[in-house]
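These notes are about the structure you will find just below.
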Amino acid sequence: MGSLKYFIYISALTYLFTLVAAVDPTTKCENSESSINSNEQRALYNIIVNSVENKNSQLGWLNNCHNRNIGISTESIRSVKDTNYVKDFSVNGFYGYSGWFTEDMATITIKNKDGTLVVEKDGIMKINYVVPRTIQPNPEPGLDRIDQAKVTLDKKFAFPDSAGQGVNVFILDTGIRKTHKEFEGRAKSGGHFCDGCKSDDDGDGHGTQVAGIVAGKTFGVSKKSTVIAIKVLDDNGQGSVTDVISGLTSVLERHQNATNKYTVVSMSLGGPKTVALNAAVKALTDAGIHVVVAAGNDHDDACNSSPSSELSAITVGAVDIEPTDTKTNGIAEFSNFGKCVDIFAPGVNIKSAGNANDNATLIISGTSQATPHVSGTIALIIAKEGNKSPADMAAALKSLSTKNVIDFSPVAGADKHSPNNLLRVPVP
């Protein structure tokens, strides 16, 4: 298969309302502080803080001493045309904010404030996949492969009757075409968090395709689960780290307030390694949320990227399932690999729902497509056996997996430290 890639860049959030964030009004201004209102060039930084008290103290200092406008909103900070605006993206258990600062202000003054854990310049993330095309209905070998240990396909997909019912899978992507017939009314709105986005509908197709692999009636692994659109990528496929973090914290807040704690996050996206994004993912897994992420499509070590390098997430590489395979299944030539990968799943020529109309289909390749196979499998496990901690779920996936059938030779170096575990769903 060719290595043609289609890049979707992450950069943005959606603005529904703005609230004044909690700040400490007693903060004193020291003359020794560097001026944030300097004429030096500013850049967007993400700041992670260890407690709500220290976060409020820092925001109070920014507000009282440097005339910063502190707010909480569902809009991307990039959409707010005010470089004095500071966005508080904190939720219970995870505290931080983003704002436009000079390098010295961010990396010296704020970094040395009490409680500062991370000061990181905002970055661009991407989703890589082969250019999609509309196809006619054909047998789907990916589903065929993951319900059996043997390599030779039997043209059947057996799964538990519960089929993921009652499990909420949040799709952090380009949105979802929620009216698509594949979803049978089980696709819901969760919010839009990207620059210029007006809804969580899908103008690109990637998010709908991923959601269909999770929960489509024909193409899905967990055919009764609910998929919820968290749009962190706009219709041109653009977004930033800060907006992905905002999407994650929105899921965390919903989970904290929900009675149903059966929560899975599926993130078919990635980019350069970022401590801030990894910290946000860990905040979700610490709260009991299962976070499944793509290993990446750079045929490189997944530990070099984010969020694939976050060890508390379940990181998924891709294999190429060919109907003619009889002994092994080869790693996809684009797939990342290494010790940060937990499991491999089908990721080449995967057919699923498309966004062109309510019956459309797309075929796409990538670790983006391998990831929702695992997200759907987690939904099957939860509905059949009950919930587990994220660590125990990762162990369950590895225990269920088919061992030692992956041929790593298509990608140089992939055999080193990569787990030879191919996804398998629980028995009915």
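Including glycine, each Cβ sits where the backbone N, Cα and C put it.
According to TrEMBL, the signal peptide annotation covers 1-22.
TrEMBL lists 164-401 with the feature domain 'Peptidase S8/S53'.
Feature annotation from TrEMBL assigns active site, charge relay system to Asp173 (among others). Taking the Cβ of Asp173 (active site, charge relay system) as centre and 10 Å as the limit, one finds 32 other Cβ atoms among all the protein chains shown.
Classification of His206 (active site, charge relay system) by DSSP places it within a helix. According to TrEMBL, the feature active site, charge relay system maps to His206 (among others).
Residues or ranges marked as active site, charge relay system by TrEMBL: Ser368 (among others). Reduced to three states, the DSSP call for Ser368 (active site, charge relay system) is helix.
Rounded to the nearest whole angstrom, the C-alpha distance between Ser368 (active site, charge relay system) and His206 (active site, charge relay system) is 9. Asp173 (active site, charge relay system) falls within a strand when secondary structure is assigned with DSSP.
Asp173 (active site, charge relay system) sits 7 Å from His206 (active site, charge relay system), counting Cα to Cα. Its Cβ taken as reference, His206 (active site, charge relay system) is surrounded by 27 other Cβ atoms within 10 Å in the chains shown.
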